[in-house]
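As written in Swiss-Prot, here are the features:
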- CYS12, CYS48, CYS82: [4Fe-4S] cluster 1 binding site (BINDING)
- CYS156, CYS160, CYS163: [4Fe-4S] cluster 2 binding site (BINDING)
- 3-119: domain 'MTTase N-terminal' (DOMAIN)
- 142-372: domain 'Radical SAM core' (DOMAIN)
- 375-446: domain 'TRAM' (DOMAIN)
Amino acid sequence: MTRSYQIRTYGCQMNVHDSERLAGMLEDAGYVRAGTDVDPDVVVFNTCAVRENADNRLYGNLGHLRPAKDRNPGMQIAVGGCLAQKDRGEIVKRAPWVDVVFGTHNLGSLPTLLERARHNEEAEVEILESLDVFPSTLPARRESAYSGWVSVSVGCNNTCTFCIVPALRGKEKDRRPGEILSEVQALVSEGVLEVTLLGQNVNAYGVEFGDRFAFGKLLRSCGEIEGLERVRFTSPHPRDFTDDVIAAMAETPNVCHQLHMPLQSGSDRVLKQMRRSYRSQRYLDILRKVREAMPDAAITTDIIVGFPGETEEDFEATMQVVREARFASAFTFQYSKRPGTPAAEMEGQLPKEVVQQRYDRLIELQNQISWDVGKELVGRSVELLVAEGEGRKDTETHRLSGRARDGRLVHFTPVGAVDGQVRPGDVVHTTITRAAPHHLVADSEITAHRRTRAGDHWEEGVRPKTSGVSLGLPSFGAPPAQPAAQQGCAC
């Protein structure tokens with residue numbers, strides 16, 4: 001009898017993409033995706049360990065599943081991802097109804113571990129300390145018909161004092177340029193219009209094979225792939241953000257003028273305590289160069305409020321950088337103490353009420369800036385890649401949603417001849433009529449509508465399914481010279 005599965009994903013884009021790999025492996029092993037109205041035979045939690053409430057969220061959700069497990073002993077529950085890598089066997093101690101625990105380094109073991117647990121009728125816990133196989137070797141069931149994630153590396157060599165990710169995902173491992181471009185080409189061949197290049201520190205790409213200009217070259221090579229309309233990347237580190245990457249962004253037509261670059265703090269003293277290896281002026285200088293090369297660039301960031309020892313003066317320095325940077329938007333976080341990180345042991349842990357008050361002030365400032373920046377775009381014509389389910393009120397307002405080339409979310413009204421014809425994955429042109437802090441609105445006429453293969457696939461329920469690229473871990477040393485190829489690999 002065919003068994004069904006459901007994957008619940010928490011955390012960053014890396015986890016979202018890892019879940020696509022998990023789905024691809026399960027389907028290759030004969031599982032089918034569970035419908036929304038049935039209990040799955042296998043539930044997989046792909047977890048995050050970055051925020052303090054990650055533990056509570058996981059164990060709360062596991063508790064909610066226990067009655068279903070009691071009713072159906074054949075149901076299996078698996079826990080993977082960063083929290084599994086951290087907590088290991090503690091998970092089955094706290095939730096003994098869990099069947100499988102696997103980490104960030106052995107995604108490919110999941111089908112085997114499920115079968116072993118079912119056969120042995122006991123929990124299987126397998127956590128590796130380094131990569132078993134590179135994730136790109138695993139098949140993937142893609143979630144989107146029009147947009148795809150492509151990892152350029154896994155792991156991180158930075159030692160930020162607040163971050164537990166390097167301890168859980170390991171040192172940086174880079175894929176070879178040809179492997180990356182082959183995966184991008186495979187996605188485009190399936191109708192995908194947009195790819196996002198992923199890495200914990202994406203612009204450090206090339207460190208493993210000694211080419212500090214490798215990421216800029218990779219962007220330019222993506223520009224040679226016919227049919228690839230949009231290229232994005234996340235997340236870069238200011239320390240490694242070089243002028244050649246700015247030039248590649250500005251000079252490669254399909255690379256989007258969008259930059260998400262974490263600031264974390266505007267205080268040089270706090271940045272030093274965070275081990276961020278840049279200072280606020282260096283950060284602002286990068287933004288200046290980006291805007292000189294691409295005046296239309298949308299720049300977003302991450303900011304942590306309430307890092308241990310942060311003074312009112314430190315916080316005001318962050319507010320000043322935010323005023324100068326004029327971010328299109330910012331992901332703001334209250335500092336979360338994570339056991340196992342140096343920051344967790346630092347003196348000067350701030351009272352919750354102080355952190356909350358500063359957080360509220362930062363949110364108020366950034367919302368106003370986002371709104372002001374958005375209002376400058378009213379009257380501008382934009383090209384939108386129509387997206388699925390990004391507008392919470394789309395059903396009520398009869399609007400659809402899409403992403404502009406700079407990544408901004410735009411809600412638009414498909415009236416007239418295109419009413420009922422526009423699908424996720426299609427491309428439309430319209431004009432911005434109104435701005436809000438977190439989105440733009442285009443209630444004007446649709447001036448152009450292009451139906452795409454991606455839209456056809458969305459309508460048919462077809463999603464790309466890519467096989468693994470290459471075998472084993474990437475080799476060390478410089479990559480071999482790439483022959484002239486259709487995808488224009490010049491790395």
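Glycine is treated like the rest: Cβ placed from N, Cα and C.
This view paints the features noted in Swiss-Prot onto the structure.
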| residue | record | Cβ within 10 Å |
| --- | --- | --- |
| CYS12 | [4Fe-4S] cluster 1 binding site | 17 |
| CYS48 | [4Fe-4S] cluster 1 binding site | 19 |
| CYS82 | [4Fe-4S] cluster 1 binding site | 26 |
| CYS156 | [4Fe-4S] cluster 2 binding site | 21 |
| CYS160 | [4Fe-4S] cluster 2 binding site | 21 |
| CYS163 | [4Fe-4S] cluster 2 binding site | 21 |
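Cα distances from CYS48 ([4Fe-4S] cluster 1 binding site) to the binding-site residues CYS156, CYS160, CYS163 are smallest for CYS163. In this structure the C-alpha atoms belonging to CYS12 ([4Fe-4S] cluster 1 binding site) and CYS156 ([4Fe-4S] cluster 2 binding site) are separated by 14 Å. Each of TYR10, GLY11, MET14, ASN15, THR47, ALA49, VAL50, ALA54, GLY81, LEU83, VAL165 belongs to the same chain as CYS12, CYS48, CYS82, is absent from that list, and has a C-beta within 8 angstroms of the C-beta centroid marking the [4Fe-4S] cluster 1 site. Checking Cα-Cα distances from CYS82 ([4Fe-4S] cluster 1 binding site) against the binding-site residues (CYS156, CYS160, CYS163) with a 10 Å cut-off leaves nothing; none qualify. Note on the domain 'TRAM' (375-446): its mean pLDDT in the predicted model is 91. What surrounds the [4Fe-4S] cluster 2 site, by Cβ distance within 8 Å of the Cβ centroid and not counting CYS156, CYS160, CYS163, is the set ASN158, THR159, PHE162, ILE164, VAL165, PRO166, GLN200 from the same chain.
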